[in-house]
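Q: Starting off with a structure, shown below.
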Amino acid sequence: MTYEIHPLPIILMSDFDIVVIGAGHAGCEAALAAARLGHKTLLAVMNVDTIGAMSCNPAIGGLAKGHLVREIDALGGEMARVIDATSIQFRRLNTSKGPAVQSSRAQADRLLYRLQMKSVIEHQENLTVSQTEVNGFIVEDGKITGVTTTIDEKISVKAAIVATGTFLNGLVHIGLKNFPAGRLGDGPSTGLADWFYDNGFAVGRMKTGTVPRIDSLTIDYSELEAQESDMPPAHFSFDSQGKGYTLPQLPCYITYTNEKTHEIIRKGIDQSPLYAGIIQGIGARYCPSIEDKIMRFPEKDRHQVFLEPEGLDTVEVYPNGLPTSLPLEVQIEMLQSIKGLENARIIRPGYAIEYDYIDPLGLRPSLATKKIENLYLAGQINGTSGYEEAAAQGLMAGINATRYLEEREPLILDRSQAYIGVLIDDLVTCGTKEPYRLFTSRAEYRLLLREDNADSRLCQIGKDIGLLDEDKHQRYLIKQAAIDAGCATLDAISIKPTAEVNRILNDAASADLKQKSALSSLLRRPEINITFLQKLPLTAGDKEAVIALANSAVCQEVQVRIKFKGYLQRQEEQVQRFKRMETLKLPEDLNYAQLSGLSNEVVEKLSTIRPISLGQASRISGITPAAVSVLQVHLRKLNYLKSNDKI
């Protein structure tokens, strides 16, 4: 019997407004934002079981990263709610320092986090999930009109968001062995990587790494220092206030490497793919491998290691501080030289991964590419590292892709509004040659961009764009009213300088009160806080009001607003000067080569980056004050700026 063979037909799926490629932290936020804003969205993922997967450490937040999580939440994103529902430890960091640099970090149950995010995705209206691998785009008249897949699907779309993480030409290294993978256990995306190369995008190569996972049953915790959760644990999401935690809170444990550990690493360094010259990608400066730390800092006799549980129902432990790509046998020997890990068994080896990224200088502040106006990039493909940085970009890409389809101006948060604005402005203005990590030190106005006031800064924007529901917006308004009332209360209550008052102040190493003063005036003293004010001899009604404020959810923000009033006003004045520069828009088609007074280097940088404002131009590396003055003069000629305006 003979059979007639027919070529397989191209499968035509339904048309979609937006396709999101990749379902990590960037892809999930992008897809949810697009769908919640009313657009028919397709989430294309190579394996639906990895939606929301935490590929590296089982934690959300940290220094500056906690700020991002709160900002994502204030705008209507999902990450904060998911970590609140799946957290097994919560800690406030930098509490001995100023409010600008205090941040939150939560350990997650890795499995529950992924399943919770997957459930949110699956139940979201307007959002379709498809297990498929996109390998290219259909481009007509300079715009994307569809995507193709490895199984010959052809899907019509009006905009696309690429959030592929480490999957573009991913290559895993363990010792001198390497193999293609997007992460250990998952294949890479090669077809889509080829598409970016073939279509003239500036593609670079980066590298990151992760730690070996070890069996908790083989760890001796008896002599290790426990690090307990803050109790009661706090929350990231403003939705979670007062709801309480349902999961048990687990401790982490602290141990250290030692000279024996370092000697084992030095002996095996010739088998490190990084030091053998096999890895070409640039690694993360602020998350170096343990072998890199040993070789670069030989004077250090030990390095801290945090043993972090990966969940309630698993024995896997994440030894934070030990990312490595050394051979498995060296990893075992290294681990077993560390106190508490003498009998440790590795469940999953540590490894390094190289991957393609797209130069973010090719992006607009909306995260749309300059080459194709309806193609958006978010996450590690833009050269960043970290779940939180990825999620923030995904949220903004999702918002702006919908606004593009609605022919509305993109939402661009500036550096004075949010850490999200700092992150994106750094990427599109300065670019990056190594995995970018956000720090509070990158923000010029960090006292205004505190973690505790993310809702004050961004909830109204979230409501205006349509992501923040009315219930949450009303809670935000109630909180703002409570802050205002708290400040007014401390302004209204005054106290006289009596012997008892001065004794109480002296006990706190505070100077005598010389004249009748409002409690808000006393609160501006560095050694005084709202809790201390309860000790003062107040009337029954005033004491009750102070106690209520000290125990309220707005206590911290009231305290910061009063205690740092002068500094906040100063930063607000700086912001006004900054905003004047940002409002001076540069024409998109400006021919910089025709402007006299600009060097060839300046012309090249301005022509490449195409800054949207005089402010952005001034932040480009190598753009001198003289060059900014040339641009300012040109804007005057174009009637963009009156000659007597001051900057």
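Cβ atoms are placed via backbone N, Cα and C, with glycine included.
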Q: Using only what Swiss-Prot says about FAD binding by GLY22, ALA23, GLY24, HIS25, ALA26, GLY27, VAL134, SER189, identify which of GLN336, GLN380, GLN417, GLN460 is listed for that site too.
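A: Record check against Swiss-Prot: FAD site with GLY22, ALA23, GLY24, HIS25, ALA26, GLY27, VAL134, SER189, extra candidate from GLN336, GLN380, GLN417, GLN460 is GLN380.
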Q: Around CYS287 (NAD(+) binding site), how many other C-beta atoms are within 10 angstroms of its C-beta?
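A: I count 18 other Cβ atoms within 10 Å of it.
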Q: Need one number for the FAD-binding residues GLY22, ALA23, GLY24, HIS25, ALA26, GLY27, VAL134, SER189, GLN380: the maximum pairwise CA distance in Å, whole number please.
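A: About 18 Å separates the two most distant Cα atoms.
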Q: Could you tell me which of these binding-site residues, ARG285, LYS293, has the fewest other Cβ atoms within 10 Å of its Cβ?
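A: Each of the binding-site residues ARG285, LYS293 was scored; lowest Cβ tally within 10 Å is ARG285.
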Q: Using DSSP and three states only, what is MET295 (NAD(+) binding site)?
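A: Once the DSSP labels are grouped into three classes, MET295 (NAD(+) binding site) ends up as helix.
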Q: Near the Cβ of VAL134 (FAD binding site), how many other Cβ atoms are there if near means within 10 Å?
A: 27
Q: Just checking, which of GLY22, GLY24, GLY283 (binding-site residues) has the fewest C-beta atoms within 10 Å of its C-beta?
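A: Candidates: the binding-site residues GLY22, GLY24, GLY283. Fewest Cβ atoms within 10 Å: GLY283.
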Q: Which has the fewest other Cβ atoms within 10 Å: SER289, GLN380, the binding-site residues listed?
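A: With the binding-site residues SER289, GLN380, fewest surrounding Cβ atoms within 10 Å: SER289.
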Q: Using DSSP with the three-state reduction, classify GLN380 (FAD binding site) as helix, strand or coil.
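A: Where GLN380 (FAD binding site) sits, the three-state DSSP reduction gives helix.
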